[in-house]
Each structure stands twice: as C-alpha cells, then as structure tokens.
C-alpha cells in the first residue's frame, strides 16, 4: 500500500514535467537561453573549477586525492540522485563506498526534519525574521543542525532566502526571513553558520527569482515563467542574500524551478558559471530543486553539479538526464571529463569540509512512512523491506529555543488604552478555530496541506511534523480559570456579554507550495487574497459589535489586510504571532499575560489596500503561453515602494510596539576603513585548482557489475553497451551558443566567497544608547537604514542594512548598541563597470536609526554630525 501510494504521487507529478529526450547525451535541450522582451542571459562558459580559495584548500586536497582514483561510475554516482522515493530521504545520491563515502542523504525542511518523528517543529523563517535577533537566528541553526545530524542527514535543504517577498501573495514567502535583502541575508547567514557548526551541509535556496508558485515548473505544454530581472536589480536585491550566504561558507546552492531572462535556472550559465561560481566565488556544489532539471548536457556545462532527486522530468520509469546518460555523455565526449571531475570534487570537498568523513551517522528514519518497517525503496514496484524508522529522539531541550523565538517574534501592532497585557483574572471570551486544535488530529494533513486549528506553519515541503502542539486554547485555559472558548469561525448568537469582558479573536491567513491546493489556493494566495481565511474579518467585526474590548491575534504567512476592522473603537489591540511552530500556545501566553513584553517587529509592510503595491508584483496566470514576469518595479519592493510613492501603509516595515517605551540617545559614527576610491581595490588572484587527467575513461568503468541485483527505478551510472557509447562522436552535439572550453578572465567583482573581500571591509560603525523609559522590562530593536547620495544615481531613499537587539532592560536601564556596515552596504552595482561603486570616503551618506522604517530616532551624516530626532 505504501509503494502504491508512492507511485501514485509520482504519477501526479507527470502533468507538471517535461518529456525527457530519448538520449539527452546527444539531443539539445528545449530550454536554451534566449532573449525575452529585452532581457537576456548571455552565455558564460566554461564552468569555473572550485578549490582556489585557501579557506577550502584542505578539503579540496582531500577530495582531489579521492577523486583522482575514482572510476567513472563512482563519479557519476555522487552527482545523481537515486530517484524519487528510492531511499529513506527526500533525496539521496549514489555512493562511493571504496572511499568511505555513503549515499548522501538530503532532507527538508528549513524549520525541522520533514516527515520524521521525535524532532522539533521550529517557528518558520518569517517568524525568525520578526525577532530581529541574530543570536536566536544562530541558535535555531545550531539546533536544526544537531537534529538533522542526529537523524543521519548529510544535507539540510535550507535556509530559504528566495522568494524574497516581492509578491505579497506569494505562496512560500513565509519560509524566508522577510521582504528585505539585508534581513534575508542576515537571517540566512546566521542559520547557515549554525547548521554547519554541527557538520551538516546547509543549502541556500531557491536561486533565483522564484517569486510565485503558479507556473513555476515547465511542463509538457508550457514553459515555466521567466523572471525578467535587470542586472542592477538582480545584484542589489535578489542576489544580496545569496552572496551573504556564500560568504558564510554555505556548502550547497539549490536552483529555482523558474527561468530567469528566458533561461532555466538549473542550466543558466550566466547565473551559475559567471555570477555564482566566478563572481561570488562559490566553492560548494549546485543542485536542482526536485525535478527541476530540464536537460542533461546543457545543465552540466552551465554549472550544475548534482541532479535531485535524479529522475528525468517524468519520474515514472527510472529515466534520467544524468545517471547512465551522464556516463554516456562522458564517453562520447559531449561533456568534458574536466567538468565531471569538478562536479564530483565540489561534492566530495564539501563533505570533507563539514567533517562528515568522521563519525557521522547513517539515516535512521524514513520520510516515506511512520511505520517501523517497510520497503527500502518505496518508489519501486517490488522492494526489499526492513527496518526504516528507529525513532531516534533528537529534540533535546530545543523546545526552549523554539518557544523563545515564537515569543520574541510576537509583534504588537496596536495597544489602545494599554489593554495588554491581560490580567489572569480578566473575564475572557475566546473566538476562532485558529485558537484550537486540528479537529482531524495532529499531523492529519500531509505536509500541513490544510488550515485547521491554530496555524503553526504554511504548507508544502518547507514543513515538518509536529511532535506535539500546545494550542492557544490549552495555554490560556492553563493560566485563566475565567475564560470561555468558542472554537468556531462563525460568531455565536448566544454569547453572554458582561461589561468587563475581553474578547480575544483568533484569525489566520495561510499559503504554501504549489503541489498542494488548499481551499482554492494553489500555493499562492489566489482565492483568499490578503484577507483572513475562514470568515476572519467578519468574526472580528461581529465580536467588536458585541464587546467593548477586543484583542485580535493573527497567525499569518505574511501581510494581511485589516481595514475592515482595525479602526473600530472596540478593537483595542492587535498581536501578530506569525507562524510559531509547536510552541504556539505557550509563546503567546508569555506575552498576552505580561510575563514578557513583546519585542517582535514586522518583517514586511502591512498595506491599507492591495492596490497600494505596484501592479507588477501581482500574481500572473496565463495558460499555455510562457509567462513573462518582468520586474519593472526594479529595486522598489515592499517598504521601498511605499516610500518612493509616498504611500502611508497601515503598519510599516519594522513596526512593533512594546509594553514599555525606549529612547535613543548619544548616537556616534566612527570611520573604520577609509574609502579612498569609488571602486574596491583590485581583487586577489585565483589560487590553483585541482588537476586531473582529462582522458576519456575506459568504457568498462561503467559496465554493469557481474551478478548485480538491480532495483527497478533506481538510478545507476551503468550502461548496457558502454563500448558502443564510447564510439559516438561529440561533434554532432549541438552545443549552446557561446560555448567554449577556454576559461574566462576572473571577474573584477570577485576574489573570495561572496565577492571581492574588500567589499566586506567595515567602513563605518554607529553606536547608540537605548534606554528603557517605561515602567516594565523589555527589549528594543535598533534598525539601521542607509540613505545614499544622489551622486550614485537613483536609489531607494532608505535601505535596511543592519539591526541590533538589546538584552532585557529593566525600567531606567540602558544599553549601548554598536552596528557595523561595510563598503558594499553603501554601494550600488555599476552595470557598465560590473563592480560595486561607493561614494568616495562615504561622502553624502546618511545613516538613520529607528524602531521602524517610518519611526526614526537618530541620524548621522558621514563627514558631519549625529543627532537625535
């Protein structure tokens, strides 16, 4: 039954996939690079080799010694997944057991081990972003790394920094950290450092421009949409968090399903070879998203290193673009041996870099079943069976961090008459199914593909099973003996109202990944729009008509419209609890009843109307014809657009109230590095890279081993007629336009992980003293925005570049926060010079400090003075 369900799921993926060519080693892909409405992805070949940075030298030396002695089959094995549902993890490579390299296990999700057991369901990325707390971002990464390692997972498929949140209705915005490149960059980098500190390879995704779910994948009748992005916008907005993730040493990058400038991300040589591997100096390996490979030779030449889960675009019969086809392409010369050597060296070097050649456990769980025993290869019709789940408990005390994140993310938008915090003896009437449990049971919806009970996370591959869930209903009942609960989305007609009652109304808004449609929403928020689900707006209005004191609690994936009820006199307070994970109830009551003061801040803007956004960020839907999603708004998404257009939102980016108040004083600005030139100093030269023989291997290296027991649909590197494959000539292969094997000169903007190391010289430091001027303890967030001079051309008037959060300050207590920012932080991308340009000596730069993008408390001018506003 488990096998049949797995096959059925595979079959369901077929309509959203391209037909695989009969022999990709000799047939050009359908998705070559070409112009779209003036946007293009110029070819960039060959793929740069990894290993030229000193920080990776030891790992590459070890990898070189191993790869030099590998057979062709062993090399191909490590670059190709074994097939969908063909192992315990959502993806696994083949192995090279002669060298101690096992099948590498790759597993979702960014908030916890997906489809597993005895794991922590942490708050989602958007919740982490709302904390504006770097320490919590890092701590979550550490504990995720511990749990993934404990389950025997080599590669953690996260964090997600794309989508960036360009489209407020976008289905997967909640997996990332917020609608700003610096917030995404800091959240992503801190997560990566934490995960990899535990020896697990992190994967930054989805590279790049995957800003809506609908039409993201190519299928038989329609190509995936093309995100058409100009060079400056790409660098300053969408690439920014990826660059910081690479600077943090991330081991893997996952490509997006969509195209960029009419070239599929998984075979876009401009994105992979030039920008990622050359300009940004990425030393790890590039993998596809699942079934996001659209060609074999073309993707290898364009810089792809690993195909996941290995299958071709129709994952039914065990066909693949790589696997045996890659062996074929090497033997006939279509793919140079040097390219395969670099592919596998990058993978093995990353394995060594994380120390996984030591005491690293094998997978002890199955993402295919919760049963103790079952098929070892569920995607095969006939599979050997055995123990697949050992139920290893990896939770430790991680619930403490999960609760702290969920609590510190809670964002107080409104608190008229200081109605919050509630008193324990207040008479409470609690409304809304979002306060209660899922009536069908915990984890009853696969990949959280429903919105029933309290909303803890969105849906899709970015989820994990809940080990337990404390609902708001349970937590409130545990604290208050004077609370009545109405777990319904229709306001009851028979509710008795007393003069001292406080109505607490729970509403939610959900979204997720495109392969699941929930209540008419195919991932993106199409049906519900930006409104609350389940009659939420009416529920608030009905409560406000009956009660004089209403508190609204919102669990949401992103911006939510509030105009129908936010100004009603009875609506006294609004809390956004985001997506809290397993500690939904306890984290909320910590704040609701005043044990902690709220310290979260909005990681996006809440508009007054959806029409406040630029029209270009709406969802696009067009059957059959390829969608051209042209980013005409350029750099101006979210708060940048609102500032440029002088639109006052309902609540601005960064907004968040407290139960206390804070003052900012004594701002100072100090110079750390003199910026004597507009462009960074000359980049350091590339170091040497591993070298190997480039002779085409003996065909016998991919012959089937004798007496080999094949598993149907398992993807192997072997060929039935390897000698025949070697006879084919590469001259007939239609290489992409611009293809060459002659290396390009090193780009001037490169030189290290993330780019020219001079870009990350600390240019200035700003300090400010924050004082608790209220009557309750609390934590404050100082947000640093830069305003660049007109000499650099048109730029957003304010751009978040740093933030810092105080410790808990008692009334009257102070803390001095210091924030550093780099040359790159005050630079723009020069599309002509192809480098980052800053104002000489930082002249004309203003640094704004505040508690939101519209609540500035101090300003400093480079070359001038600082003052309190």
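Even glycines carry a Cβ here, placed using N, Cα and C.
Among the features that Swiss-Prot reports, active site is placed at 289. Around the Cβ of residue 289 (active site), the same chain contributes 205, 206, 254, 255, 256, 257, 266, 308, each under 8 angstroms and 6 or more positions distant in sequence.
The compositional bias 'Pro residues' annotation in Swiss-Prot covers 681-691. For the compositional bias 'Pro residues' (681-691), same-chain residues at least 6 beyond its ends with a Cβ under 8 Å from one of its own Cβ atoms are 49-54, 57, 60, 63-64, 67, 341-342, 345, 746, 748-752, 756-758.
Non-local contacts of residue 69 (N-linked glycosylation site) by the CB criterion (under 8 A, 6+ apart in sequence, same chain) comprise 99. Per Swiss-Prot, N-linked glycosylation site is recorded for 69 (among others), and the stated evidence type is sequence analysis.
In sequence order, 93, 94, 95, 96, 716, 717 are the residues near residue 77 (N-linked glycosylation site), counting only same-chain partners six or more apart with C-beta under 8 A. Taken from Swiss-Prot, the feature N-linked glycosylation site covers 77 (among others).
According to Swiss-Prot, the N-linked glycosylation site annotation covers 261 (among others). In the three-state DSSP reading, residue 261 (N-linked glycosylation site) counts as coil.
For residue 332 (N-linked glycosylation site), other Cβ atoms within 10 Å of its Cβ number 23. Residues or ranges marked as N-linked glycosylation site by Swiss-Prot: 332 (among others).
For the recorded site, residue 364 (N-linked glycosylation site), the DSSP three-state label reads coil. All protein chains shown were included, and the count of other CB atoms within 10 Å of the CB of residue 364 (N-linked glycosylation site) stands at 18. Residues or ranges marked as N-linked glycosylation site in Swiss-Prot (evidence: sequence analysis): 364 (among others).
What Swiss-Prot lists as N-linked glycosylation site is 399 (among others). Here the Cβ of residue 399 (N-linked glycosylation site) has 20 other Cβ atoms within 10 Å, regardless of which shown protein chain they belong to.
Summarising the annotation, Swiss-Prot assigns N-linked glycosylation site to 425 (among others) and lists sequence analysis as the type of evidence. Taken residue by residue with DSSP, residue 425 (N-linked glycosylation site) is part of neither helix nor strand, so it is coil.
In this structure, residue 478 (N-linked glycosylation site) is part of a helix by DSSP. Residue density at residue 478 (N-linked glycosylation site): 13 other Cβ atoms are found within 10 A of its Cβ, drawing on all protein chains shown. Taken from Swiss-Prot, the feature N-linked glycosylation site covers 478 (among others), and the record attributes it to sequence analysis.
According to Swiss-Prot, the feature N-linked glycosylation site maps to 728 (among others).
Among the features that Swiss-Prot reports, region 'Disordered' is placed at 678-698.
Residues annotated as signal peptide in Swiss-Prot: 1-19.
Cα of residue 261 (N-linked glycosylation site) to Cα of residue 332 (N-linked glycosylation site): a span of 31 Å. Taking each Cβ in turn and tallying the other Cβ atoms within 10 Å, the top scorer among the glycosylation sites 261, 425 is 261. A separation of roughly 22 Å, to the nearest angstrom, links the Cα atoms of residue 399 (N-linked glycosylation site) and residue 364 (N-linked glycosylation site). Spacing of residue 478 (N-linked glycosylation site) relative to residue 364 (N-linked glycosylation site) is 36 Å (Cα to Cα, whole number).
Taking only the Cα positions, the spacing between residue 332 (N-linked glycosylation site) and residue 364 (N-linked glycosylation site) is 40 angstrom. It is 48 Å from the Cα atom of residue 364 (N-linked glycosylation site) to that of residue 425 (N-linked glycosylation site). Secondary structure by DSSP for the compositional bias 'Pro residues' (681-691): 0 helix, 0 strand, 11 coil.
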